[in-house]
Amino acid sequence: MGSAGSKKQSKQQRGLRERLLRTQEEPYGKLSEGQRKQSSRSPGGSDKDLNSPSCEGRNAPRAEGGGQQDTDDSDEDNEVGVYVRPNRPLRSMTYKMAIDMSHFIKEKGGLEGIYYSERRHRILDTYLENEEGIVSGWQNYTYGPGIRYPRTFGWLWKLVPVDIPEEERGAETSCLVHPAQISSWDDIHGETLAWRFDPLLAHDYVAFNRYPEEFGYQSGLPEKE
């Protein structure tokens with residue numbers, strides 16, 4: 001029985017990766033390893049280069065065992081590889097759970113370099129609510145512009161603006177369903193954002209320290225009229 005349960009959990013985890021994280025070999029709309037390292041050397045800057053994304057994957061057959069980041073909007077919303085109903089009692093996100101879930105997601109493929117969108121935001125919320133019983137509403141970030149820091153202390157994934165070079169804004173990335181385009185639609189500042197893992201966020205509550213006004217009464221500052 002234990003073996004069957006482990007296989008079921010492993011299948012659900014693969015479902016999340018296929019639906020949200022996609023495969024590491026997948027080139028469409030994801031930052032390369034070299035580009036991530038270049039960005040990490042410039043904490044205050046944005047990524048200057050991207051893999052050249054393609055819209056071909058929209059109509060091309062899916063490779064066995066993998067998906068394409070620019071085709072996930074055509075999938076069924078409910079097919080995220082998780083339980084239909086919460087598998088555990090509902091509970092609020094805590095610092096320890098945020099740390100654990102951040103590392104869990106990193107170990108299972110990570111969000112690193114994946115374009116952020118409201119739809120992927122909801123998929124992640126749904127997964128953690130149904131699998132871990134964590135009530136949605138915890139996944140909030142500072143308003144921007146610039147780097148968006150998580151407002152939930154312990155969540156180690158921030159959102160970093162990504163610059164798309166002018167020469168790459170041609171036919172390939174002009175496809176409206178491409179995540180490089182959709183991400184900027186979801187952002188009030190029109191920036192294309194990608195997830196970035198930052199372990200230092202476990203010790204430094206950047207969102208609260210830099211932007212206390214965004215926390216309202218919790219900051220101790222007088223609220224605006």
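Counting starts with 1 at the first residue shown.
Backbone N, Cα and C define each Cβ position, glycine as well.
As annotated by Swiss-Prot, region 'Disordered' applies to 1-85.
The N-myristoyl glycine annotation in Swiss-Prot covers G2 and rests on similarity to another entry.
Summarising the annotation, Swiss-Prot assigns compositional bias 'Basic and acidic residues' to 15-36.
Annotation comment: Swiss-Prot describes 70-77 as region 'Acidic'.
Swiss-Prot lists 86-89 with the feature motif 'PxxP'.
Here Swiss-Prot flags 122-138 as region 'Mediates dimerization'. Mean pLDDT across the region 'Mediates dimerization' (122-138) comes to 89 in this model.
The DSSP breakdown of the region 'Mediates dimerization' (122-138) into helical (H, G, I), extended (E, B) and coil residues amounts to 11 helix, 1 strand, 5 coil.
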